[in-house]
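**Q** What follows is a structure written as structure tokens; I'll ask about it next.
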């Protein structure tokens, strides 16, 4: 690699809107994020499951598709 053309990569503090802080590597000194693994619904278990069955039924009804069950 050439000398002097790469940015300095150092430890950075990441601050979330929920108040959580952690460190990571970055070319910036600090980062601010809106959501992290401590407050994201997928990781906290508060995730809503979307039922796509209603969409499939609507499509079948719209195009007259009959199930052969």
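One-based numbering along the chain as shown.
Using the three backbone atoms N, Cα and C, a Cβ is placed for every residue, glycine included.
Swiss-Prot lists 16, 18, 36, 39 with the feature Zn(2+) binding site.
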**Q** Of all the binding-site residues given, 16, 18, 36, 39, which has the fewest Cβ neighbours within 10 Å once its own Cβ is left out?
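**A** Comparing Cβ neighbours within 10 Å for the binding-site residues 16, 18, 36, 39, 18 has the fewest.
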**Q** Around the Zn(2+) site recorded as 16, 18, 36, 39, what other same-chain residues have a C-beta within 8 angstroms of the site's C-beta center?
**A** 17, 19, 20, 33, 34, 35, 37, 38, 40
